[in-house]
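Chemist: Next up is a structure, given as structure tokens.
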Amino acid sequence: VLQMSGNEDDWLALKPQEPSPSQCCGSGCKPCIYDVYERELAQWERAKAKQDKSLLMEKKEQSNNSELNPDTFTAFNISSVEQLTEDTYQYKFELPGNSSLRLSLGQHIVLRGMVNGVEVQRAYTPISPGNAEGYFEVLMKCYEAGLMSQYIKTWKKGDVVFWRGPFGGFPYRPNKHGELLMLASGTGLAPMLPILQSITDDEEDETFVTLVGCFRTFDKIYLKPLLQDLARYWNIRIFYVLSQETSLEELPWSYQENTYTGRLNEDLMKTIINSCRRKPFVLICGSSAFNEDMSRYLKAAGIEENSCFFF
């Protein structure tokens, strides 16, 4: 009997732990961390019923190969850390050999962090092209009170972090839409960039794009050189909406004609949609408050829900 209770403890130690709510990123991943848990629990229950621990081994083998996987977290090395604004960083991660993440457009990956012994998970969209070889890059904003931000702020070159994925994504096809209207707030710019780059890389793709980037101030606009390069293409227009700038006079002249001060409101939305060359399909990425506002303004401007996609 003693032997049996010891064995029981062994099995309990192997039992998968139920995720806490902070571990779910809320992005509707398939599989969600809870799906993975349910599957591992069922696997554990089968193994325990048969008293055969080797039935638990399959999940251990997966995480050693350094390929991104939706079910298990994989370790990646940080190869560079670049601060873009006071609270925004661009991180570069190594991929083995010349492999690439092979993400489809706008897909996100999920980061696992440990903060004071609590595991947290959040979704981020890589900004590097999906076919970039040997690396991928992620844009991250750190918040004062954010749990994940506390973890990210400690990162330095050479550290190892854990990602799983990919998930989600926008099923983009060249020339499917006459015009894409991209509404991005802050780091909501991230899922737009791979789509923009795929359009500019493909000479056959004649989709018009109007990108509206909403930031607080001119200094808070991320990746200006990249955006300026993209705006040189015949089919790409970029507008900036700066909620805390009061006048355009201080801005470089090259920004003055395509920048608005104040917030992106219903009137400005109508102005922008009326200036689109074709009826747009709209991509939206920002905070839930931003997404709700945009949804309302688009409806008022006569854009139906089936012509919108939220990241």
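Glycine too: its Cβ is placed from the backbone N, Cα and C atoms.
Per TrEMBL, the feature region 'Disordered' maps to 1-20. Taken from TrEMBL, the feature domain 'FAD-binding FR-type' applies to 71-173. What TrEMBL lists as FAD binding site is Arg122, Tyr124, Leu139, Lys141, Met148, Ser149.
Neighbours and distances for these, please.
Modeler: Other Cβ atoms within 10 Å of the Cβ of Leu139 (FAD binding site), summed over all protein chains shown, number 22.
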Chemist: Taking 10 A as the limit, how many CB atoms besides its own sit near the CB of Arg122 (FAD binding site)?
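Modeler: Looking across every protein chain shown, the total is 22.
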Chemist: Counting only residues 6+ away in sequence within the same chain, which have a CB under 8 Å from the CB of Met148 (FAD binding site)?
Modeler: Leu111, Gly113, Val115, Val120, Arg122
Chemist: What are the helix, strand and coil residue counts for the domain 'FAD-binding FR-type' (71-173) according to DSSP?
Modeler: 6 helix, 50 strand, 47 coil
Chemist: So around the FAD site, Arg122, Tyr124, Leu139, Lys141, Met148, Ser149 aside, which residues have their CB within 8 A of the centroid of those CB atoms?
Modeler: Leu111, Val138, Met140, Cys142, Gly146, Ile152, Thr187
Chemist: How far apart, in angstrom, are the most distant Cα atoms among the FAD-binding residues Arg122, Tyr124, Leu139, Lys141, Met148, Ser149?
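Modeler: Taking every pair of listed residues, the largest Cα separation comes to 14 Å.
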